[in-house]
């Protein structure tokens, strides 16, 4: 008995181990504060204030320009302390006063007066949206309750699908569509710089689920010879701006028909759907394109879990993104999972090019 007690004592954590475990646990619990602090920074347009102030601003400068209530100056300081320690902004001491400056991350939040050429503030709103966050608190019910298992966590939390919310709530729909435009512009800017060869030699392309046509506009500008078409739901394409003369918008249902083109582009679309639906979409894509030797292919821009940067942040982001997508019963796939649906849809080969950090370009051939 004494020996067993001694062995159990030896297995107990040391004081330092206990403290470190507690810190790590609490750090996880407080992770949502990073998102809410970022959300506040976007609402207050702190990045724009710093930019307009010559690239550096004191706390008083920020307070004067964000409409801060006089009683909240110390609270703003505390918010900025979190935003600097997490790398959104930088801070330096200048003559005893904190001076806040932009980082590479906060430059992505610039969106005023055309300064934010790589603006992602609306996309950040999409990803950190309280509607999505609240949905994740329904995952336990979604996992364990018979009725809930036939719904998405978003439906469990809000009583409608994510897509119904976007269609019926003008403000939410506007933010979502603006976020998709921002993400497409940044992604296409990188792709056209690093992998523009994927569009060489083609004469027509259809962007399925292409929203307001940001990706198609980038391609049409870089390759004026490519006739671009955007297919999306009628109410989405009806609101699309006339961004380029060489783009045609078609309202339709991607599960019923995809117009013919040399190449079908699917950007961040298939991760919204389970395998059976992906196979249906891809089979229609295969019907829409010519044979491989005639230039036919499908270009997919998605996460391939486990492929890409070896740095911890992109690898962790892939897994976080995967669980995030659960809120609409979506999924981020590993290579073997992609291969399975490609083969089931009747494709013969594919090529993965990881040029987007956590995301990759997948070229799929008939």
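A Cβ is built for glycine as well, from the same backbone N, Cα and C atoms used for every other residue.
Database features, via Swiss-Prot:
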ACT_SITE  271  active site, proton acceptor
ACT_SITE  302  active site
ACT_SITE  332  active site
BINDING   209, 232, 253, 267  S-adenosyl-L-homocysteine binding site
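Where Swiss-Prot records a feature, it is marked here on the structure.
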residue : record                                 : Cβ contacts under 8 Å, 6 or more apart
209     : S-adenosyl-L-homocysteine binding site : 231, 232, 254, 266, 267, 269
253     : S-adenosyl-L-homocysteine binding site : 233
271     : active site, proton acceptor           : 302, 303, 325, 330, 331, 332, 333
Remark   = Longest inter-residue Cα distance for the S-adenosyl-L-homocysteine binders 209, 232, 253, 267, rounded to the nearest angstrom, is 16
Task = Tell me whether the residue listed as 'active site, proton acceptor' sits in a helix, a strand or coil according to DSSP.
result = helix
Message = With every protein chain in view, what's the tally of Cβ atoms within 10 Å of the Cβ of residue 332 (active site), excluding that atom itself?
response = 23
Ask   = Which residue, out of the recorded positions 232, 302, shows the minimum number of other Cβ atoms inside 10 Å of its Cβ in this structure?
value = 302
Inquiry  = Under DSSP, is residue 332 (active site) part of a helix or a strand, or is it coil?
reply    = coil
